[in-house]
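For reference, the structure discussed in these notes is given below.
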Amino acid sequence: MRIAVLALQGAFLEHEMMLRKLGIDCFEVRRLEDWQQEKDGLIIPGGESTTQGKLLRDLSLLDPIREAIEAGLPVFGTCAGLILLAREVEGNSPSVPVPPRLGTMRMTAARNAYGRQLGSFHTEAPFKGIDGDIPMTFIRAPYIKESADEVETLSEVDGYIVAARQGNQLVAAFHPELDSDMRVHEYFMEMVKGR
Ligand code: GLN
């Protein structure tokens, strides 16, 4: 089992540490040559989706990654990663362009969208398929505003969808890699194993 971690910008190191604790091998994707290695899944970290999207485009990674996801490669996107996977994105001011992105999940992501969330907040909430609450750290997070029937809601906070799954694609608006609870990563690894 070997997981690719997109390492262009953002909180990729924290995901790698989480995988290491779970005993899962991983490697960083910084350019096309890295991506061409064998892999069983992909993690797209939080950070700044505009920066990551532009880098993905400029490094010619956007199309090969999109094709791999569409061919069934399991992918887990957190926060900015959720935005990069969303088909539609809302909530950009005119000065902030909609980021180039993968757009493989049939949902609309609302960016920087919580009223109280100009800063960050921490909460705990249920997550479908996991017993008990999950700690959730939100940092200028998006939420899922609309989604197609094939997108299953896994978690909601204050009536907003904050985690969802569409087949081989898993997204969380929060940062499970910043808390010690490993169960969301374990959930993703079950998706990888079940592929
Ligand atoms: N606000 C960021 C964006 O729009 C996402 C924040 C995060 O990943 N923590 O890309």
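Each residue's number is its place along the chain shown, starting with 1.
Using the three backbone atoms N, Cα and C, a Cβ is placed for every residue, glycine included.
Taken verbatim from TrEMBL:
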type	residues	note
BINDING	Gly47, Glu48, Ser49, Arg111, Ile139, Arg140	L-glutamine binding site
ACT_SITE	Cys79	active site, nucleophile
ACT_SITE	His175	active site, charge relay system
ACT_SITE	Glu177	active site, charge relay system
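Listed in sequence order, the active-site residues from Cys79, His175, Glu177 having a Cα within 10 Å of the Cα of Ile139 (L-glutamine binding site) are Cys79, His175. Considering only the residues assigned to L-glutamine binding, Gly47, Glu48, Ser49, Arg111, Ile139, Arg140, the longest pairwise Cα distance works out to 13 Å. Same-chain residues with CB within 8 A of the center of the Gly47, Glu48, Ser49, Arg111, Ile139, Arg140 CB atoms, the L-glutamine site residues themselves not counted, are Gly10, Gly46, Cys79, Ala80, Ile83, Asn112, Ala141, Pro142. On the backbone, the CA of Arg140 (L-glutamine binding site) and the CA of His175 (active site, charge relay system) stand 11 Å apart.
Rounded to a whole value, the Cα-Cα separation of Glu48 (L-glutamine binding site) and Cys79 (active site, nucleophile) is 9 Å. Checked against Arg111 (L-glutamine binding site), the active-site residues Cys79, His175, Glu177 differ in C-alpha distance, with Cys79 being the nearest. In sequence order, Pro45, Gly46, Gly47, Ile139, Ala141, Pro142, Ala172, Ala173, Phe174, His175 are the residues near the residue listed as 'active site, nucleophile', counting only same-chain partners six or more apart with C-beta under 8 A.
Local packing around the Cβ, expressed as the count of other Cβ atoms within 10 angstroms, is greatest for Glu177 among the recorded positions Glu48, Glu177.
Between the CA atoms of Ser49 (L-glutamine binding site) and Glu177 (active site, charge relay system) there is a gap of 17 Å, rounded to the nearest whole number.
Look at Glu48 (L-glutamine binding site): DSSP puts it in coil.
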